[in-house]
Amino acid sequence: MGDVVQMHFSTVDYVIFAVLLVASTGIGLYYAFSGGRQRTTQEFLLADRSMRCLPVSLSLLATFQSAVAILGAPSEIYTHGTQYWFLGCSYFLGLLIPAHIFIPVFYRLRLSSAYEYLELRFSQSVRICGTVTFIFQMVIYMGVVLYAPALALNAVTGFDLWGAVLAMGLVSTLYTALGGLKAVIWTDVFQTIVMFAGQLAVIVVGTHQAGGIAEVWRKAQNGSRISGLDLNPDPLERHTFWTLGVGGVFLMLALYGVNQAQVQRYLSSRTEKEAIMSCYAVFPCQQIVLTLGCLMGLVMYARYGEESPLDKGFVKTNDQMVLYFVMDVLRDLPGLPGLFVACLFSGALSTISSAFNSLATVTMEDLIKPHVPVMTEARATLLSKLLAIGYGLVCLAMAYLASLMGSVLQAALSIFGMVGGPLLGVFCLGMFFPWANSTGALVGLASGLVMAFWIGIGSFVSRMAASAPPVINATIIPDVGNMTTAVMTTLITTKPRPTGVQALYSLSYMWYSAHNSATVVVVGLLVSFLTGPWKEKDLNPGTIYPVLGNLLFFLPQRYKEKLCCVTPLEDKSKVLDHQPYQMAQKESNGVACTKEEDKIREEEREQITAQPTCNLAHTVQETAL
């Protein structure tokens with residue numbers, strides 16, 4: 001059995017894998033020594049706000065279409081069937097809402113960090129809490145992304161585990177620290193192409209060996225792997241149309257709406273229109289990627305049937321199964337296994353480099369600049385680069401802890417639901433509810449995080465307690481061990497429906513983001529009303545999206561004023577005359593106002609019309625470009 005398990009790379013495979021690492025580093029070096037040479041924080045952290053739609057959209061896709069999805073989605077389909085594909089239904093709203101609500105607000109405020117918004121809307125303490133929460137989330141996630149592909153590679157091919165971890169960690173740290181966001185985005189583009197090529201190669205060869213796509217479909221249907229539309233509304237069911245299609249919307253909003261790694265890409269776009277178009281372009285790409293993952297899972301099932309490599313003991317976890325399948329299918333085609341491993345590591349590199357860059361940005365903009373106001377541009381840029389390197393080293397340390405997290409797909413989505421959910425909640429609280437105050441935001445965020453970890457840790461502990469005693473046959477243990485934070489469907493069907501606190505622990509991990517963000521909003525609003533809701537005059541203009549005003553259009557004007565529902569997204573007069581807002585803009589972004597801009601402002605003061613179509617931030621952006 002040892003010969004079957006351990007497959008080895010040919011020289012061609014190693015060469016292809018090495019070319020990926022060298023090419024990624026080369027892109028970083030190119031941007032380190034060309035253009036502005038990353039001498040300003042604007043260029044290093046925001047690519048000089050000069051990026052086009054296509055590279056930004058591919059980078060948005062690559063940031064979270066990582067090794068986690070490449071390893072996790074096919075094994076999910078192989079084990080549980082195609083129900084997971086309905087996650088694609090959530091992409092529509094999950095990308096449409098960020099495109100038309102979050103991007104306009106963030107872009108027009110000319111932010112560098114998404115968490116600057118929290119200070120403009122609430123207070124500096126809310127901003128710092130949001131930043132620290134994001135840092136915690138991304139550091140844990142980086143560990144999963146870095147360790148999972150290296151572990152799978154080591155188990156199946158004997159490739160040195162820590163050699164692979166170090167190679168990925170150091171290469172991504174190097175090109176991120178040298179080339180800044182431009183290098184990260186363009187390596188993402190290159191790595192996305194490699195990811196598509198690797199997955200397509202495996203699907204095409206695997207389908208051919210299985211006897212064609214019709215044969216693959218027939219075997220999957222006979223094995224009950226083609227799932228119908230499951231409309232069971234039970235939130236405790238692991239995957240149904242509602243958990244994936246509706247719960248998934250909140251997960252997508254946490255990823256594509258308010259996560260700094262994605263917001264930074266929107267802000268690097270040349271214009272607001274290009275930022276919105278890049279968000280639209282992600283939609284078909286996400287659908288293609290999801291379909292490729294599902295096809296690979298079905299081809300795996302056509303090859304192995306019910307006798308999976310996991311059951312036969314060839315691999316130890318679900319996440320190693322995909323790599324075993326790839327090495328098995330492509331064993332007689334030198335170079336293709338190397339291409340798939342390059343695809344796998346491309347996913348990891350793109351995610352890790354995005355994390356380094358976004359972490360350096362929020363640390364610099366939210367935690368250092370406000371407290372060290374007098375800092376030269378050269379020193380700030382150098383410090384940003386050192387921060388990127390520092391987070392690279394932290395990431396390597398976190399990789400060790402990632403081995404304790406079980407199935408990578410579910411672990412990663414659970415982390416984003418548990419920590420991303422409360423962050424989504426605090427942004428929604430600020431953007432949609434004008435009367436929410438900073439005390440409400442702080443208490444709401446804290447409540448959301450407490451609830452998130454209570455459910456997350458509680459479900460893990462209860463699953464371990466429930467699964468340990470009944471196990472008689474040792475062969476059941478690996479299956480149980482792979483189901484991470486959510487209670488298995490099999491356990492739910494064989495036991496009475498949980499009630500009370502146990503029902504909370506049994507909540508599907510796909511609902512984590514929705515549940516935790518709703519907790520933040522509800523608690524935040526209650527505390528705001530108890531401690532004195534804010535009036536319209538207390539708000540910085542441009543920080544509220546007028547969703548309530550649009551929904552309550554039928555109310556008389558005086559009632560809308562009482563509910564703070566009259567502030568439009570853009571209001572020239574208020575932005576121009578609101579001095580604290582201008583100060584906040586100058587201090588937080590370092591965007592000095594030129595004489596030309598002052599002149600434009602003066603002209604606009606004289607020509608203010610009733611059409612709220614352009615605010616100061618947008619004007620500054622156009623003249624600057």
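Glycine is no exception: its Cβ is also placed from the backbone N, Cα and C atoms.
The transmembrane segment annotation in TrEMBL covers 14-33, 53-72, 84-107, 128-149, 161-181, 193-214, 239-258, 279-302, 339-362, 408-433, 440-461, 509-530 (among others).
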Interface check, the transmembrane segment (509-530) with the transmembrane segment (128-149), three or more C-beta pairs under 8 A: no
Feature contact check the transmembrane segment (440-461) with the transmembrane segment (161-181), CB under 8 Å, 3 or more pairs: no
Stretch-level contact, the transmembrane segment (239-258) and the transmembrane segment (84-107), CB cutoff 8 A, at least 3 pairs: yes
Cβ-Cβ under 8 Å with the transmembrane segment (193-214): same-chain residues at least 6 beyond its ends: 20, 62, 65, 70, 288-289, 292-293, 295-296, 299-300, 302-303, 325-326, 329-330, 333, 336, 339-344, 346-347
Interface present between the transmembrane segment (84-107) and the transmembrane segment (339-362) (three or more C-beta pairs under 8 A): no
Stretch with greatest number of CB pairs under 8 Å, the transmembrane segment (279-302) reference, 14-33, 84-107, 440-461 candidates: 84-107
